[in-house]
Amino acid sequence: MSGPNRTYSFGEGDDSLAHPSSRTHAMHSQYDDVSPISDGARMNPMNGQGMDHGLASVLEDGRQGWGRSPEPSPSLLTGSSATPGMDNLGPGAVGGGISGIALSVANSHDRLSGVEALMGTDGQEANIPAERGLSTTGSDNPYVPEPPEHRYSYGSNIALGAAAAPAGQLTPGQSVSHLSSTNPSQRNLYDIPYQDVGGLNAGPYQRHSAYSSNDLPVDINPDEIVDDGDDGFVPAPNSGSGARKSQAIPAAAGGAAAGGVLGNLGGLFGGKSAADTSYGPVPGAGLEAGEKGRWVKPKPGGGNKKRGWIVGAILAFIIIGAIVGGAVGGTIGHRGNEEPSSASSASSSSTQTATEDTSVNGDLDKNSAEIKALMNNKNLHKVFPGIDYTPWGVQYPLCLKYPPSQNNVTRDMAVLTQLTNNVRLYGTDCNQTEMVLHAIDKLEIKDMKIWLGVWIDSNETTSRRQIDQLYKIIDDAKDISIFNGAIVGNEALYRAGSDKTSAQTTLINYMQEVKDHFKKKNIDLPVATSDLGDNWDATLVQAADVVMANVHPFFGGIPVDQAAAWTWRFWQDHNVALTKGTNKKQIISEVGWPSGGGNDCGQGANCPNDTAGAVAGVDELNKFMEDWVCQALDNGTDYFWFEAFDEPWKIVYNTGKENWEDKWGLMDSARNLKPGLKIPDCGGKTAT
């Protein structure tokens, strides 16, 4: 997921769709065979209340509400598109966008590894064409509720990511006494300090230790960081930036900055290092993420300039401390105290590194008492076709100093195997793919598949490293059949800003290279990329073997009782339609709902009250799953759920009334199902 101001709109040239008269019933029938729900109960067109719940609760009566098509006010058009799989910064972040400093760090490289997050940061993209959004609920959807009040764009400032940071994990026996016993997803930064950096003598493995200590973040010597790059640090934005929520700077790199910022502190405080090792955008690479000119040093102005530097320094200290703490607070072992009493008592120690975890607990497998307990949760059901996943601690180059834990990945996979047979990864750094493969082997899981992920960056060094590691993984694999395919890049076009044409060319070249390598090795695997639904066009469809779109109704401001239908309709109109006449498969690569933290009304607008628009909450998450999961399972709709586990370190990016960054998991960071949350059992039917 990425970026602030996530916008949903129809693609170029589709303005005729703005009126119902231009939409024919033929479109309705065209997609009947792929609808994840079936026609059934009628809806009240005035209030959207159906006689039955679920996607199946709508008939053609919804046409009564389809007639509104006012011209959009320019002030309501968002300037960029994003999904929530990758971002951790923006207007929804600390300080309403973290004036200048953090944004310059995080607006362009959302799910990067390590130092890449800090290099080549861009400012607000002013030249991104405004999206022409259109409420896609309506008459031609066989199960769509009465559409909400018409909007021309569904924007939201978001800052979270599935792979920007991994699904949270704890060391074995790590104390989580500070987590709420009633609803751990509702705690805030002051309730749950996530790191006690002074106590982390052995590494970043106390995810829940604390900000409660007065110790400063761990000292970092930038000269010891691999691929350290320093592009300098801009202290403050110009006066006109960040004034409107709907024009917030893309926050694509927030998660990467948080996950790997330790590797670039030298760039914040020091001078230039070798340009070749920098992770800034490569001129002409075609994947640059925005317009640097939007963030400039303040003009000379006496006290104003001085105050700007002071404020900048303070914000820099706060953000760096939070980010470093988030990275260092990353843990490797058991996420809580759910281990059985028969488990090794040594695993209840307060802190364990990856090496210590293995030394104490051995290489966990299906016969380990701890694993047996994790794999026997009657409240988990295998009803998700796929789940997005990134292990904790795989930010490069931080992982070179603090390696992620194999046992931690094995614990995660023990849980994930009860939810899905299909896991999507986002990158190849830090042996994350190899650890997942090892976990599957140790757990003796026979039906789990993996979508390989390759992070594509504006910096050729990063992309090259990721692709080369993909080749090594494939070459070393004992059985290629465990892989479902390779996803080359996630939301690379979104991060390209206005330079989508050049970015698309670069992205397609990378995809073609991977295809050529597979062909040379006689490997029959599809090669795809994932991006916003409205970033797909015929050219990209032709290049990809599978069309993968990230679609999040929450950031469209869609009320939850209409969210499932809206998601399906948006996917149909933006993605499925592009594959007509081809044999291309379509997959929703990210979809989910946060369990708490406020509400989003889309368009970058402030909600008039706490119940307007899309409301985050456990009840709402239950409703979205109730309306989506089993119907999609029955009808074969292929998607990846975002996500399995909360990522509590992201709490540093919550701000104001937008406090959902750390609350997208079905489970808390200790792998406990959230209180009150109910995963549908779909009558015993399971995903295959």
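Note that Cβ sites are derived from N, Cα and C of the backbone, with glycine treated the same way.
As written in Swiss-Prot, here are the features:
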type	residues	note
COMPBIAS	175-188	compositional bias 'Polar residues'
COMPBIAS	341-355	compositional bias 'Low complexity'
CARBOHYD	N408	N-linked glycosylation site
CARBOHYD	N431	N-linked glycosylation site
CARBOHYD	N459	N-linked glycosylation site
ACT_SITE	E491	active site, proton donor
ACT_SITE	E590	active site, nucleophile
CARBOHYD	N609	N-linked glycosylation site
CARBOHYD	N635	N-linked glycosylation site
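Shown on the structure are the features that Swiss-Prot records.
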residue	record	CB count, 10 Å
N408	N-linked glycosylation site	31
N431	N-linked glycosylation site	19
N459	N-linked glycosylation site	25
E491	active site, proton donor	30
E590	active site, nucleophile	29
N609	N-linked glycosylation site	8
N635	N-linked glycosylation site	16
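According to DSSP, E590 (active site, nucleophile) sits within a strand segment. With respect to their backbone Cα atoms, N609 (N-linked glycosylation site) and the residue listed as 'active site, nucleophile' stand 28 Å from each other.
Note on proximity: among N431, N459, E590, N635, the recorded positions of the record, the Cα nearest N408 (N-linked glycosylation site) is that of N431. Nearest neighbour of N459 (N-linked glycosylation site) by Cα distance, taken over the recorded positions N431, E491, E590, N635: E491.
Per Cα geometry, E590 is the residue among the recorded positions N431, E590, N635 nearest to the residue listed as 'active site, proton donor'.
Secondary structure at the residue listed as 'active site, proton donor', taken from DSSP and collapsed to helix, strand or coil, is coil.
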